[in-house]
Amino acid sequence: MFAPLLKKLFGSKNERDVKRMAKAVQAINALEPQMVALSDEQLKAKTAEFQQRYAKGETLDQLLPEAFAVVREAGKRVMGMRHFDVQLIGGMTLHDGKIAEMRTGEGKTLVGTLPVYLNALSGKGVHVVTVNDYLARRDANWMRPLYEFLGLSVGVVTPFQPPEDKRAAYAADITYGTNNEFGFDYLRDNMAFSLDDKFQRELNFAVVDEVDSILIDEARTPLIISGQAEDSSELYIKINKLIPRLNRQVEEVEGKPTEEGHYSIDEKTRQVELNEQGHQFIEDLLSQNGLLGEGESLYSAHNLSLLTHVYAALRAHTLFHRNVEYIVQGDQILLIDEHTGRTMPGRRLSEGLHQAIEAKEGLPIQAESQTLASTTFQNYFRLYNKLAGMTGTADTEAFEFRQIYGLDVVVIPTHRPIARKDFNDLVYLTQEEKYAAIITDIKQCQALGRPILVGTASIESSEYVSKLLQEAGIEHKVLNAKYHEKEAEIIAQAGAPGSVTIATNMAGRGTDILLGGNWEVEVAALENPTEEQIAQIKAEWQKRHQQVIEAGGLHVIASERHESRRIDNQLRGRAGRQGDPGSSRFYLSLEDNLMRIFASDRVKNFMKALGMQSGEAIEHRMVTNAIEKAQRKVEGRNFDIRKQLLEFDDVANEQRKVIYHMRNTLLSAEDVGETIKEFREETLSATINQHIPPQSLPEQWDIEGLEAALYSDFAVRLPIQQWLDEDDKLYEETLRSKILEQIVAAYYEKEELAGAEALRAFEKQMLLRVLDDLWKDHLSTMDHLRHGIHLRGYAQKNPKQEYKRESFTLFQELLDSIKRDTIRVLSHVQVRREDPAEEEARLRREAEELAKRMQFQHAEAPSMEQAVAGEEEELPEGPAPVVPLEPVRNEQKIGRNEPCPCGSGKKYKHCHGQLD
């Protein structure tokens, strides 16, 4: 009740934040005359001065006014661009570790130079994260002259970069790259066999461009580095031939399924399920084709792999459509990013789904993959000491940014007022009527000389609109995943008078549409242009620019609403940049996916009750509210999926941190002899305890089994029964000591043969190899556990608690296996002299060969049904409270006698610190 009154008196939190920063802007402006008076050399010298002052104890906050004033002056001199006051506010927001929402055309790239320069003064490095390689290279090349003028180095990380170039890029003061490349390099670093092979330094400060795209849209899909597993391409081909014989279960008028058909599709959760009739039918088909034994069930334990293949093929045929979720290019399936409309080369679906799509399209089937390392963007970016982001649309997701990442959103005022007109949605009964209205609108705008941007949700839609325009004789350009190489050229002229551009999801394109076209692109197309030519091109552009402004600016037409309001807002934001005129209009129909799947029947019945005729549209607040409600419903569902993914990955993340810390400790250690000694004693103790239980009677001892186990684990044959027969004083403890002496003596014989230095190097490399192999298998086990854990809900158990409990048990077994397998390998190894450097070089060559075969994937996100199954009764009404997870600061070293952070109640040295 008091909230509106308090807001009126004190302003909103956003207004107070902006007001507070406006005072700092005044201080920066006051320094401007002083900076203008400096020579270039004096301005450059400021960087060294700031670095010295920082080293002596001044904070970055204290340096901020002067540093920002220096960057502003350098921008004027080097690039002819002066930071506006609102851009200074944006820079301060980023430095504070918050998200700056800035409208399209407000100069986000230039804003980033302020906090990037300031934080680079610490010498710890700054990462600037973009959504694609083109933008990473473009922004780095654009801003490089400014940074280098001020004495800072700039690097760019790209896929397939030579290791020495990538290492140099990470060593630079400022490093540009994509979220994928930064994430995969983090995983690669934790697979390295030498400290010299690692790329990244401490993760200090990251500025994420299009932060909503990276931290929200991409958060549902984990980053995975995988290697090849067994080949089962023939099975995919055989099962693929059977799937078309299955029929979808149809719905009656009331919406209830009939008995006819073999499977049902839930379009909301994108899941497909075989019904009872379908199970029987597919089992019969498999039996007839010799893939399933006579009378066997598809659900028998030994047939689960076959069941996985069946469901992968069924999903490939029913949920994945050519030119919507993927395109075929050559003999490859290229996935399409649902949020940006771009293809994702090298990205593959997991769990056999990609192979099933290849079989469906008749392409060569690539080998299946096994996870070698994985993480999520959520957990990767929380490793940075400080995280900030920029985007044109973050306010609709402010709740999620705060809940998941602990990041506040600050809406930065625009430099000029927004002059764009956003017209009401027009809703038609059918898609045919909707598209006819779109063509009419295009013709009217083109007659006025206005440029038009038509936004579609898929390649299929964009090509359909293109076909209609061709039939109407309207010249146009198409920008989608098939023609992305022409992107820069198409966008450059999308603002020319009367031009028509069709584009799939424009989110994350990162290029402004300039009214009248882009004169710089025209100049760049000329070889050695003269001053006269440049002046003529600029003059012609100025005429076109003015012509478009007078006609009303860019008109954005959207052919349907997206699942996210944010992507709709991004599309709208393409018009009306920097105070330019413009307009936007959404055309919808009841046959659109969003309306069909999520909008209520009440809306459909309401429209039909109005007696709408063919070609008529409706503009009504109730319809608009229903659409927004449907979008909020989808956004809420997707938020729940991302939250569930994070909660499950947090369990794996704690284990990941322990394993990666263990790896780094091993890589840094010159001698792992003490670690091997501890492993040997613990493994021996466990082996003896199995056959001679502590404080047991001699009659309970299994001496024969112990002798066999010692040979299996330690490669020594010991006559233990003979020792006991010959020595009556040989009790349990003295026997343990004697066995250990014999095992150690046998191992030292190998050391004498190989040499201490060579054996120490071999121990280190072998321990790393065993750790990596077992971690890889552990990841696979954890995947299987996660995919099936939702079924525990049917047994009235909490799936998340069960997952935590079982994953902890699995992790304890992993640590025991690392010790046991390392000792077993070292004990059985046949000694031959090999130079340690040669051994390391050989391992590095093997790692490089592995890297060539690696695949970098985004696995499919878990379905909503899996994520929340079995937990409905436990969830309170309203949004579940989430503890804010802030970006991880520098982690303090855990004392060996302190409680383990995993929550087991044990001391760290007896739990996850056993291998430190």
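Including glycine, each Cβ sits where the backbone N, Cα and C put it.
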- prompt: Swiss-Prot has Gln87, Gly105, Glu106, Gly107, Lys108, Thr109 binding ATP. Which one of Asp425, Asp441, Asp512 is in the same site?
  reply: Asp512
Statement: Counting Cβ atoms within 10 Å of each Cβ, the densest environment among the binding-site residues Gln87, Thr109 belongs to Gln87
- request: Please find, for Gln87, Gly105, Glu106, Gly107, Lys108, Thr109, Asp512 as listed binding ATP, the greatest distance between any two Cα atoms, in Å.
  value: 17
Task: List nothing but the one residue from Gly105, Gly107 whose Cβ has the fewest other Cβ atoms within 10 Å; the candidates are the binding-site residues.
output: Gly107
- prompt: Since the record lists Glu106, Asp512 as binding-site residues, which of them has the fewest other Cβ atoms within 10 Å of its Cβ?
  reply: Asp512
- prompt: Under a criterion of Cβ-Cβ distance under 8 Å and sequence separation of at least 6, what residues of the same chain contact Lys108 (ATP binding site)?
  reply: Gly90, Ala100, Met102, Asp209, Met390, Thr391, Gly392
Message: Using DSSP and collapsing to three states, where does Asp512 (ATP binding site) fall: helix, strand or coil?
response: coil
Query: What three-state secondary structure does DSSP assign to Lys108 (ATP binding site)?
result: helix
